[in-house]
Structure formats: C-alpha cells, structure tokens
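Just below is one structure, and these are the notes that go with it.
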Amino acid sequence: MTRKLVLLRHGQSQWNSMNRFTGWVDIGLTEQGHQEATMAGHLMKKEGLEFDVAHTSLLKRAIHTLQDALKALDQDWLPIYKSWRLNERHYGALQGLDKIDTAAKHGEEQVNIWRRSYDIQPPPIDLDDPSHPMRDRRYAALDRKVLPVRESLKNTLERVLPYWNDAIAPQLNDNKTVLISAHGNSLRALYKYLNKESDEKILNVNIPTGIPLLFELSDTLQVVSYRYLGDPDAAQRAAEMVANQGKAK
C-alpha cells in the first residue's frame with residue numbers, strides 16, 4: 001500500500017507578481033494567489049484526496065494558501081503543524097530586489113546560479129538589517145545561531161530534513177496522507193531528497209505556484225511515482241515561467 005504526499009507551493013505572492021526575491025520576508029498573496037490556492041484545493045478534491053494532517057511554514061503566503069486549499073477541499077478541520085524549518089530559502093541581501101534588475105546588474109548566469117544552484121549562497125543580509133529574523137518575534141524561541149543570514153539550497157535541505165525525519169516521515173510511516181504547503185525552495189529541497197536528484201539536475205527543477213505535486217511512496221518512503229495534478233502542459237508552462245524570472249529583458 002502506497003503512502004500519499006502532496007507538495008503545494010503557495011499561490012502567487014505580491015512579490016512574485018513584482019518579480020522580487022522574497023525569502024523570509026513575510027509577504028501576502030495576491031488575489032490571483034488566493035485563486036490558485038482555491039483551484040489547488042479543487043484539483044485535490046477531484047483526485048479524491050483525503051488528508052490526515054497538513055504542514056506549513058511560519059510565513060503567511062504558505063499559511064493562507066493552505067487555508068484556502070483546505071476550504072476548497074472541505075477539510076478545514078485538519079490538524080495543521082507549522083514550522084520555521086519549512087520556510088523559504090533565505091535569500092540574504094537579495095531579498096526585496098527585482099530579479100530582472102539584478103540580472104541586468106550581475107548577469108543572468110550569476111542570478112541563475114544564486115536562484116537555482118545547489119550549494120552556492122547569495123550575499124548575506126547585514127546583522128543590523130531591520131528584516132533580520134532575530135528581530136522577528138515568531139523566531140524568538142530559537143537559538144540565534146540557527147537563524148540564517150543567507151542560504152543555498154543545500155543549507156535549506158539541511159534545515160528542512162530534521163523536520164521531515166522527526167515530524168513528516170513518521171506520519172507517512174503511520175499510513176497518514178500528508179499535505180505540505182510551503183515554498184519554491186523548501187519544496188525543491190524535499191523534491192531533491194525524495195527523488196535523489198543530483199546537484200546538477202536540481203538546477204533545472206522549477207516548482208510552479210499553486211499546482212499540487214502528488215507523490216506516491218512505498219512503505220519505505222521511496223518514490224513510486226509523482227505527478228502534478230490537473231493539466232500537465234499547464235504545469236510545464238508554469239514551471240518554465242518560474243525559470244525565466246531571473247532573465248534580463
């Protein structure tokens with residue numbers, strides 16, 4: 001009997017629509033983002049998915065996406081677990097910058113490396129920056145040493161993996177059907193781990209907003225199959241749009 005896991009990237013955020021690096025900045029959804037989240041719920045309902053538990057980050061774009069999707073699923077009552085470990089990758093000093101302007105300044109190749117490589121970090125955020133996570137009370141209980149000033153995808157995976165091992169994997173092993181509403185890079189990290197994707201191939205993996213990615217896992221949590229729900233061509237086009245965000249005009 002296979003276990004079912006759905007990875008759902010949040011719907012379009014306000015900074016997605018403005019093509020800005022977002023990272024740990026707590027930006028809300030656009031109206032389109034809410035619609036994407038609701039449509040994701042309808043797609044999961046059409047698939048006949050009945051979840052036992054849901055997980056999300058501490059950032060409202062992922063939280064609100066989960067709320068909208070569960071409402072469309074008529075599964076609002078599900079227990080929801082929130083963890084900072086599911087937050088987006090911290091983009092350091094790039095946070096808030098326009099991706100096209102940054103590509104024009106530093107070159108498309110450099111921006112693509114910052115965005116999509118596995119182990120290269122962006123420039124760090126300054127410790128005195130008002131947006132440093134140590135100034136955000138949602139992280140007040142955490143040791144400052146674990147709060148990032150920048151992250152590569154490798155760093156993000158190292159952050160996400162303990163939560164997977166301690167919270168999510170045990171639920172899957174208990175035959176629970178699990179929904180994770182999170183972010184492009186925290187989900188890319190899980191995608192890499194689940195699919196045993198190479199450091200090179202992960203460069204070309206782009207996860208679109210608001211389209212559920214359904215994994216079927218064996219009893220040892222090995223991937224049996226995975227696919228986007230809905231129109232596969234639409235999912236491919238949406239992923240290509242994500243890939244093109246870092247290109248200069």
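Glycine too: its Cβ is placed from the backbone N, Cα and C atoms.
Now, the feature entries from Swiss-Prot:
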ACT_SITE  His10  active site, tele-phosphohistidine intermediate
ACT_SITE  Glu88  active site, proton donor/acceptor
BINDING   9-16, 22-23, Arg61, 88-91, Lys99, 115-116, 184-185  substrate binding site
SITE      His183  site 'Transition state stabilizer'
Looking only at Arg9, His10, Lys99, His183, the recorded positions on record, which one has the least crowded Cβ, with the fewest other Cβ atoms within 10 Å?
Lys99
Roughly how many Å lie between the Cα atoms of Arg89 (substrate binding site) and His10 (active site, tele-phosphohistidine intermediate), rounded to a whole value?
14
Using DSSP, would you call Trp15 (substrate binding site) helix, strand or coil?
helix
Sequence gap of 6 or more, C-beta under 8 Å: which same-chain residues meet both conditions with respect to the residue listed as 'active site, proton donor/acceptor'?
Thr22, Gly23, Trp24, Ser57, Leu59, Ala182, His183, Gly184, Asn185, Ser186
Inter-residue Cα distance where the pair is His10 (active site, tele-phosphohistidine intermediate) and Lys99 (substrate binding site), in Å
19
Within 10 Å of the Cβ of Trp15 (substrate binding site), how many other Cβ atoms can be counted across all chains shown?
20
Taking every protein chain shown into account, which of the binding-site residues Gly23, Gly184 has the largest tally of Cβ atoms within 10 Å of its Cβ?
Gly23
Starting from each candidate's C-beta and looking 10 angstroms out, tell me which of the binding-site residues Gln12, Arg89 has the most other C-beta atoms.
Arg89
